[in-house]
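I grabbed these lines from Swiss-Prot:
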type     : residues  : note
SIGNAL   : 1-23      : signal peptide
REGION   : 27-49     : region 'Disordered'
COMPBIAS : 35-49     : compositional bias 'Polar residues'
COILED   : 60-87     : coiled coil
DOMAIN   : 136-193   : domain 'VWFC 1'
DOMAIN   : 194-253   : domain 'VWFC 2'
DOMAIN   : 253-312   : domain 'VWFC 3'
CARBOHYD : 340       : N-linked glycosylation site
DOMAIN   : 426-485   : domain 'VWFC 5'
DOMAIN   : 485-544   : domain 'VWFC 6'
CARBOHYD : 499       : N-linked glycosylation site
DOMAIN   : 544-602   : domain 'VWFC 7'
DOMAIN   : 602-661   : domain 'VWFC 8'
DOMAIN   : 667-725   : domain 'VWFC 9'
DOMAIN   : 782-841   : domain 'VWFC 11'
DOMAIN   : 900-959   : domain 'VWFC 12'
CARBOHYD : 1090      : N-linked glycosylation site
DOMAIN   : 1149-1209 : domain 'VWFC 16'
DOMAIN   : 1213-1389 : domain 'VWFD'
DISULFID : 1215-1347 : disulfide bond
DISULFID : 1237-1388 : disulfide bond
């Protein structure tokens, strides 16, 4: 009670003090009924008065609670008093009260673990238990802390006092994944130092780089994290870019030379030749000579190391002159000096003279009156001269510098046109206008034509333009000669006075003045980068721009990163360098993170959470400490526990303050739209985060949060207080890092950074045009500013410096040209001073200006011509000439006729010169004093009878012979081009050609492969040696001649032949004269026949029957008939009358061929290519010659029935059945079918030419089969190929080889039976189980059966007899079953799908794989590329599993290997695969045969041993076959290998045969 009352008393005293304070301020204390709880809305007082009454209310609440507790205790006391009053009083021992109970005297208890109490004399004496270790306190930094107390020495460390020791721990920081870290000020945990570690490389913050592992990724280091984006390759400036290792985008190939490297498009000057400019174009260096602008007429030589001459001096006559220095001149009357590359000359001053036409005396500079100068000509005093003006003759005289003239009649001169009217001088008329003799003029409408009147005839031609007096003249439209009124420079026309930039050299500023262009270098400002660049059309190099996120920034510009405004970027050297903006230090210790920097003091970031300013929150690690956020600063204090009215408070687990047991919970406060606020809880009203409220026992008190001053110049308004996370500038908000145009200053750019705005002038990129217009901020090329004036694009304006020019602005470029003028109506208009366009009020002719009507000497020919200006057109005419006194005068000075030489037929001849007369006149002329006299020529006699006079010639010449389009002279001999062993001779216009008749002059002559006649090894005959080139007659016959011919190598040799006599065509027999002594050829007593145009193409028989003559090209061409060689002796030869060649007398001896006697003269055919005949007991055979074939890829050479030579037919195909049986179709598909019946293997399904059937046998095993026999049906004939090579034809056994013409031929080659059928069918049977059927390409698309349809597509080979595709190979094979076989009617089993390896087991499959592996080994390696081995390997494994162990497995293996080798041979590859123990083939060694894997299909026999191998192979179109062959050097004859010399005699005549055949009983012609 005492305690409670004391507490109540203290509350009352405190309440009174508050009331007095409130009363002093004039307020009243409101009273509320006890037990009534006010709501949050009613308890919120307005204004400052309510805030002042707030503490009073709190104390009133506490006082009311204490009074209520006193009331309850009072009731308990009254109850105890009544109990005590009923008890008897006994003396009691003193007691103590503690922990809610009474303790007897001397009792000891512990209110807590470190405090002990003892009851003495009714009082509790409590004290600390310092002797216990865990009850000792702690002291740190001068501060004392109790046991168990938690404190924080700084914001990042939490400590606790336990048993006298302080235990501290830092904050829980996450692990960092970086190389370097740092702890920012005010933070507890370290962060990664700005920068990125990527792929083992350290990059600074903000830098942009390419990934080292993938160059197509562009990465940026932002906030210690790497962000990568795929690069977009720009379009390549070259047509063939190259992708280099380590690069993403293809680049243009550069150039390397002499240790230097240049990029594509880069230009440079070679060190040794400054005038040589080279350029790199995709790895190739192209060089050209620099074109130097003509800046002055006499520039000084280039400075050392430079190319172009300079105008700071003059180089003249091989000497250098400085500017201003005198220069020597060829004119002594002028003084010249050098002026900046030009020579300026001034005439020497002359005194005045008293005459009007003073003349110049040679050697003097000034004119004097001792002579006259008139119309550009010099005359001596007292000299008389004549002129022609306006068609009249004028006589003038010179008298002391004065000229007087008078008209005079002209003498009559011969001219082409007679004079008319009163005009006495010869005149010309052209286009209705008359011109005097010698006048020159330009006809109207033809400005580039000049005419002159000569001998009364106008002669016009193109005007010869003089050299222009300027260096860059222009050819005006419609003008004849170039003009210096404008300049043509690098194919561009510029007006006079125009300034322009050279398109080829943009760093040259040029000026056009009077047709000459002068250029000077442009001064470029210095650049701030190491590698400046020059763009197209730019003069000066500039630093490259930067491209970042598809935005362009100029060099030196600072800007915000387009995607991250927290980064500041700067463009340098074409690369954007970015880094985080520096953050200002926050004015508080725990600011909130802003957009870029942690500087928002409107709240606190503490312990990983964010709190608004004014918020109270528990300490993140000590629940007994309470923290408060005040403008970014955090203050944490230990919770203060209020005194409790109960004697025994209870400390609940997890709580910081003890509580009275069963004490009623303080009343909470309602919150709109949320749960009730607890007692002593702070909260913000909904929608008003800037106010802070406190709930105390159901009452709510609120106040506005205070705002600290913002540490920035332009803060924006935050939720409650101004914030530096952004800017408020001129009424607009901007994000931190944002750039924006200044709203107050034009052309300025502002940056918002952490609440402050800074503005600076906008950076401008240099304009890409020479005359940019003034833009709003920067110059742009949308218009032009020219000489201080602004113009719009496409606007025309007058040139401010040249009133006659008109300029055009186009995209910042200004082009000025001459103002267009109307074309004048005259040929030589004049531009008066102050005017822009020409007029016809005067004339300007070749730099000379004259008034209308004025006459002056022609500037082009001042000696011989005068010109007059007539209304803007100059009319020029030649001065008159005196008449010539000779009939053939030549032109003299001024083209006047003189008699010093002769002019004949348009050519001038000197006096006394002799020359030919006119063409065809046959005259010889002579020039004498202007007169020409001619006499007729006399032709010399010719020694030939045939003479011809050509057109244009005077005299005839001897005519030779024309042969093969070439003329040969009379008596010449030559070898015709088409026959090297013939000789032709020309005699009296007749060409006679015959084969050279050879004779021998030695015992052993030799004949080379290219010699026509045999030669003797040396030039010696009958003991006499002859020199090279010497010829002689070897015997008494004058027609025989020998010649000693030199040889290219070795000594000379002797060649002898009979002379060739010319043909005496047309000579009558009565006029034939025999040859005289020592003469060889007869002659004709009269002239031979002439081959005229009427006889062209006709033939004539000469007296010699060995010649045939034909009239060709006006020449008789006589050819000697070739006689065949005779086999009979000379004694049995005779020449029939009227014949040329001898023949053998008919013999009676017969021939024996193949055991058959043949009569002499009888002929027979061996095969389609070879025919034989019997002559004089000898068999002669002749074979047809076949031309070589060139077939396409889908065709091959093949023989048709009845033909000798092959022709191009579709390529043949083959089908094979082998093993257990596997079928490879014509189209290449491999099938497996094990039926043991008879089946159609291949058949001609269109015309029924053939049908091949196979009969399979299971050999006593179930589910397997092998080919047992083959039946070939040819019409009515049936051929069966049985086991062990047996063959029957129509049921009868036959011996091989077997021939039944013309259909069938069967032979045995080795162990293989080969059947040839007339339609081109071929069947190969090994006598065991393998059969191969080959058909020519003509059967493409016509076959059916197990071999398929031969249409080139393997996918549709499973077609049954009805033409339908069947679903399985077993169904397909069964559909072609036929009812026949080895034993008709025997039982057979249909094919089904089986797998013999599954039944045989794993071991059998493994052994089969091992043995069949030879197909994939080296013996067959060359074939793998052309024939895949996998199908054959699978078939081989299948067969070995089916065959089982033993010798049958060896046969199955050889079948599969032989099948694969056969396909390899057809593909052109011959594998060598047989070995001593692998599939050995035996051949009859006793008959000389050996085995050959790829033997010739047409072996060497006695009948074809003389045929070249290449021709023999070309005739036998089948590829090589394995079998028994004769070794090299032996030939086959009657199944034996014998030497060629042991063959019987067989004579072959005619052309060389290509494919001679053996006897019919051995082998017929092979067909594919």
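Cβ from N, Cα, C; glycine included.
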Considering only the recorded stretches 136-193, 194-253, 426-485, 900-959, state which has the highest number of Cβ pairs under 8 Å to the domain 'VWFC 7' (544-602).
194-253
Which one of these disulfide-bonded residues, 1237, 1347, 1388, has the sparsest Cβ neighbourhood, judged by other Cβ atoms within 10 angstroms?
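Comparing Cβ neighbour counts within 10 Å for the disulfide-bonded residues 1237, 1347, 1388 gives 1388.
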What Cα-Cα separation, expressed in whole Å, is found between residue 1237 (disulfide bond) and residue 1347 (disulfide bond)?
16
Would you kindly give the Cα-Cα distance separating residue 1347 (disulfide bond) and residue 1388 (disulfide bond), rounded to the nearest Å?
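About 21 Å separate the Cα atoms of these two residues.
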Give me the mean pLDDT over the domain 'VWFC 9' (667-725), rounded to a whole number.
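It averages 79.
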Please list residues from the chain of residue 1215 (disulfide bond) whose Cβ is under 8 angstroms from its Cβ, counting only those at least six apart in sequence.
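Non-local contacts for residue 1215 (disulfide bond): 1223, 1224, 1225, 1226, 1241, 1242, 1332, 1333, 1334, 1346, 1347, 1348.
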Based on DSSP, tally up the residues of the domain 'VWFC 8' (602-661) by helix, strand and coil.
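In the domain 'VWFC 8' (602-661), the DSSP-based counts are 0 helix, 25 strand, 35 coil.
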How many of the residues that make up the domain 'VWFC 5' (426-485) does DSSP mark as helix, as strand and as coil?
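When I sort the residues of the domain 'VWFC 5' (426-485) into the three classes, I find 0 helix, 24 strand, 36 coil.
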State the count of C-beta atoms found within 10 angstroms of the C-beta of residue 340 (N-linked glycosylation site), not counting that atom itself.
17
What residues, ordered by sequence, lie under 8 A Cβ-to-Cβ from residue 499 (N-linked glycosylation site) and sit at least six positions away in the same chain?
509, 510, 511, 816
Under the DSSP assignment, what numbers of helix, strand and coil residues are found in the domain 'VWFC 9' (667-725)?
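Secondary-structure composition of the domain 'VWFC 9' (667-725): 0 helix, 25 strand, 34 coil.
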Enumerate same-chain residues with a sequence separation of six or more from residue 1090 (N-linked glycosylation site) and a Cβ-Cβ distance below 8 A; give 'none' if the list is empty.
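946, 989 - these are the non-local Cβ neighbours of residue 1090 (N-linked glycosylation site), listed in sequence order.
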